[in-house]
Every structure is written in C-alpha cells, then in structure tokens.
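Chemist: Dropping the structure in here first, questions after.
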Amino acid sequence: MDSLTCTPSDLVPLLSSSANATALASFLCTRFSTISSQLSDATHAIDNTYLLFSAYLVFAMQLGFAMLCAGSVRAKNTMNIMLTNVLDAAAGALSYYLFGFAFAFGAPSNGFIGRHFFGLKAYPSPDGDYSFFLYQWAFAIAAAGITSGSIAERTQFVAYLIYSSFLTGFVYPVVSHWFWSGDGWASPIRRNNLLFGSGAIDFAGSGVVHMVGGIAGLWGALIEGPRIGRFDRAGRSVALRGHSASLVVLGTFLLWFGWYGFNPGSFLTIMKGYGGGGGHYGQWSAVGRTAVTTTLAGCTAALTTLFSKRLLVGHWNVIDVCNGLLGGFAAITSGCSVVEPWAAIICGFVAAWVLIGFNALAAKFKYDDPLEAAQLHGGCGAWGLLFTGLFATKAYVNEVYPGLSGRPYGMFMGGGGKLLGAQIIQILVITGWVTATMGPLFCVLKKMNLLRISREDETAGMDLTRHGGFAYVYHDEEDISMRPTFMMTKIEPNNASPSTDGQRSPSNV
C-alpha cells in the first residue's frame with residue numbers, strides 16, 4: 001500500500017492565497033500522516049491476524065495426525081502413539097525455540113545455516129513478528145509427526161524424544177533455511193545468485209516438510225525392521241490392520257481442514273495488491289486460488305485411489321482412499337500457489353499412482369511402515385517438486401516471487417528446464433541431508449539399545465508394558481503377533497452319526 005505522506009513545502013504553493021498558508025499546510029500534512037499510520041497499522045494487524053489464524057490451523061493438524069496414527073495402529077499401542085504425538089509438539093516447541101528458529105531464519109546469515117535469534121533473542125525484528133515464529137514452529141512439529149508414524153508400534157519412548165528434538169531443532173531448520181530463508185543458497189527469494197536463475201520453488205513444503213519427515217521415517221523403519229508378524233516365514237506380506245477406521249477418517253478430515261492453513265497460509269500476508277492496486281485482484285485472490293488447487297489435487301487423488309484399488313484388489317477401501325487424499329495434498333503443497341487449477345488435477349492423479357507404486361515396492365522389499373508415511377510424504381512430496389518444475393505458470397510465479405525479470409517457470413508451460421533442474425537438485429539435497437543426519441542417529445540409538453522395544457513388550461503391546469494400561473477394553477482377535485507360532489486345534493466330526501428316537505449321538509452332545 002502506498003503511504004500517504006506530504007510535507008508543508010508541498011502544499012504551500014497550492015495555498016499561497018491564504019494568509020496562513022504554512023500553518024494550514026502543516027495541519028493538513030499532520031492529518032495525512034495520521035491516516036497513513038492508521039492504515040499501516042491496520043494492514044499489519046490484518047496480516048498478523050491472518051498468519052496467526054493460519055498457524056492455529058496448522059497446529060490443529062497435530063490432532064489430525066494423532067487420530068490418524070491412533071486409528072492406524074493396533075489397539076494395544078493406542079496410548080503410546082497418542083503420547084508421541086503430544087510430545088512431538090511439546091519437545092518440538094522447546095527445541096525450535098532454543099535452536100531451530102535461529103538455524104532456519106536467523107538473518108543475516110550464510111547460505112547454509114542461520115545464526116541469530118537463539119531463544120528468540122532480539123526478536124521480533126523489522127522482518128518478522130511472533131506470529132511468524134508460531135507458524136514456523138507448527139510446520140516443524142508436522143515434520144516430526146510424519147516420522148513418528150513410520151516407526152510406530154515398536155520404538156522405545158526415549159528414542160521418540162531424542163529424534164523429535166533433533167529433527168525439529170536441527171535437521172528440519174537447516175533445510176527450511178536453504179529453501180525458505182532470504183539467505184538460503186537455493187531459496188527463490190534470495191537477492192542474488194539464484195540457483196539456475198530461479199531458486200527451488202517449494203511454496204509450502206512438499207520437500208521441506210513432507211520429504212524431510214518421510215525420509216527420516218524411512219531410515220527409522222529400515223533400521224528398526226518390520227513389526228513382529230508383518231511378514232510370514234515365507235516372506236509374504238501379512239496385513240496388521242489398524243483398529244479403528246473411524247479414527248483414520250476423522251484424522252483425515254482434520255488434516256484436510258488444517259491444510260487450508262498449511263498451503264494458503266504460506267503467503268504469510270493477505271493485504272497486498274497486484275499490479276497498480278485498487279482493483280479486485282490481489283494476494284487475497286492468490287490465497288483463494290491456492291485453496292482451490294489444494295482441494296482439487298487431494299480430491300482427485302482420493303478418487304483415483306478409490307477406483308484403482310477397486311480394480312487391483314477387488315473392494316472399496318476407505319483407508320486407502322484417506323491415504324490417497326493425503327498423498328494428493330502432500331504433492332500439491334509445493335506448487336499450490338503457482339499452478340492453474342486444472343494442473344492440480346493432474347498432480348493429484350499422478351500422486352495416487354506414486355503412492356500405490358511405492359506401497360507395492362515396500363511390500364516387495366519387506367519394508368514396514370504402519371501409516372505409509374515414507375511412501376506418502378516422501379514419495380508424493382518428491383513428485384510434487386517435479387510437478388512444480390513442469391507446470392508452474394509464468395504469471396503466478398512472478399506474482400508470488402516478484403522482483404526478478406525473466407524468472408524461469410514450468411517446462412510444460414514454455415519456461416524451459418531451469419526450474420525443473422532446481423527442483424531435482426532440491427530432491428537430491430534433501431534426501432542426502434536427511435540420510436546423513438537421521439540415518440546415523442537411528443543407528444546410534446540401535447547400537448545403544450535405545451531404539452526398539454523387546455519382543456515381549458511388542459507382543460503384549462506398549463500400552464500395557466510401558467504406559468500403565470490399555471486405552472480402552474478391546475479384543476485383538478486378528479492380531480497375528482499374539483498367536484503362538486505353532487497351534488493345535490481340536491477336530492470335531494463333521495457329520496452326525498445315526499441315532500434312535502430318544503437318544504443323541506456323541507457328536508450332538
């Protein structure tokens with residue numbers, strides 16, 4: 001918004017016929033300055049309120065994660081997985097406050113890591129307020145929540161605390177600095193020396209959030225190994241179904257709701273006009289478009305998964321549909337602000353097949369992820385980055401990332417391959433960084449016997465052995481891990497023997 005400012009010297013020539021021209025000019029300029037200050041304050045208040053509301057929506061996704069995780073595990077581990085979701089937020093808040101935010105956005109800094117605002121010292125600054133910290137913290141704990149799903153039902157509680165603090169306090173912040181900070185080496189808002197003349201466009205975090213959480217979970221699950229009973233002695237996959245489809249659906253809807261803070265909220269502000277101003281089109285329109293592309297991608301992925309799994313396995317599965325929906329959301333998160341709505345449909349369609357394909361590979365290589373978190377967030381997140389490099393439009397890229405003429409955009413939209421190249425670099429760098437940090441951490445925890453629980457505890461369930469009792473009364477009749485390896489059963493005769501009137505055969509007794 002242009003400021004309403006003036007000086008008495010500007011108005012005196014216009015009021016030269018007045019005996020008190022200078023006094024009148026000073027009076028008018030004072031009023032203009034007051035109005036300008038009030039409008040500026042209102043703009044900041046509206047933008048901060050918008051960002052705070054978006055932060056609340058993203059934080060509400062933790063409830064969605066908790067419900068989704070609880071429904072996806074067996075009843076004997078419900079309290080454990082719920083507690084880990086609470087601690088992702090609690091431990092993540094302290095680690096992100098002390099270190100994470102500084103590593104991510106502590107400007108001025110170098111291209112690798114931030115170095116200011118530890119413990120929010122000297123913050124707020126002219127470039128950010130407390131609402132920005134809260135919003136970024138909500139993103140950080142979302143990444144940690146993704147990882148907890150991959151290693152559910154078999155991980156020691158202390159391991160959760162260690163990896164969650166390390167992920168939110170160091171691993172994730174460094175990645176967010178690279179791609180979201182104004183000083184990051186691959187950031188699209190960097191002032192100069194942009195990667196491939198563009199920087200990597202990851203608007204709301206298909207790579208920064210979803211790939212980081214998914215790849216961390218991948219290494220955790222690989223190093224721990226599958227749950228007891230997940231594969232039989234012949235190596236065939238055995239479904240260890242979660243105990244509540246109702247909780248899965250509830251969690252999915254809560255995550256869907258929260259995604260409207262995750263993607264549209266990543267604009268950070270809403271009171272910004274495009275072009276000359278004064279029209280109906282501005283950043284508020286881009287916010288609405290981003291909500292539309294998010295919706296279309298998720299819904300397309302859900303329907304694609306529904307019919308694809310019907311053809312592949314022969315039935316309609318609500319759990320698969322929920323995961324497909326979330327996969328579409330994870331994929332569109334990167335390019336939600338810079339693509340047309342019709343392109344979001346393509347994004348969701350491909351994301352569904354990416355998830356189906358990675359799940360097939362997981363079963364083939366005996367990889368066990370109770371929530372399909374690595375396949376969903378890691379695989380679909382990577383596809384989302386590639387999708388942005390292919391379908392980002394010139395007009396939207398210049399609106400969202402202004403100030404650079406000739407900025408590259410999507411290859412399929414006529415923008416060449418530079419943006420796609422930057423997106424590929426992002427995928428490789430995130431994969432390498434998370435592997436180099438989280439992989440060794442899980443190995444150390446395993447070597448110190450701090451990673452996996454005992455076989456007895458896993459069979460009985462962590463609610464009973466680690467948390468003082470079950471979440472509720474239940475019967476896990478289909479829990480294969482609780483059955484003995486060899487069972488003997490009584491064989492009854494199938495046919496009744498003849499009997500006379502008034503007598504009953506032994507088989508009928």
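We number each residue from 1, going along the chain as drawn.
Yeah, the Cβs are placed from backbone N, Cα and C, and that goes for glycine too.
Unlike curated entries, TrEMBL annotations are predicted automatically.
What TrEMBL lists as domain 'Ammonium transporter AmtB-like' is 50-472. Under the heading transmembrane segment, TrEMBL lists 50-73, 94-113, 133-151, 158-180, 200-223, 244-262, 342-362, 374-397, 420-445.
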Chemist: Can you tell me which of 133-151, 244-262, 374-397, 420-445 gets the most C-beta pairs within less than 8 Å of the transmembrane segment (200-223)?
Modeler: 374-397
Chemist: Same-chain Cβ contacts of the transmembrane segment (244-262) under 8 Å, 6 or more residues past its ends?
Modeler: 53-61, 63-72, 75, 139, 142, 204-205, 291, 294, 298, 318-319, 322, 325-326, 329, 333
Chemist: Pairs of Cβ atoms less than 8 Å apart decide it: which stretch in 158-180, 342-362, 374-397, 420-445 has the most with the transmembrane segment (94-113)?
Modeler: 158-180
Chemist: What residues elsewhere in the chain lie close to the transmembrane segment (158-180), defined as a C-beta under 8 angstroms and at least 6 residues from its ends?
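Modeler: Answer is 84, 87-88, 91-92, 94-96, 98-105, 109, 111-114, 136, 139-141, 143-144, 147-148, 151, 186-189, 199-200, 202, 207-209, 212-213, 216, 220, 426, 429-430, 433-434, 437-438, 441-442, 445, 450-451.
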Chemist: Averaging the per-residue pLDDT over the domain 'Ammonium transporter AmtB-like' (50-472), what integer do you get?
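Modeler: For the domain 'Ammonium transporter AmtB-like' (50-472), the model's average pLDDT rounds to 94.
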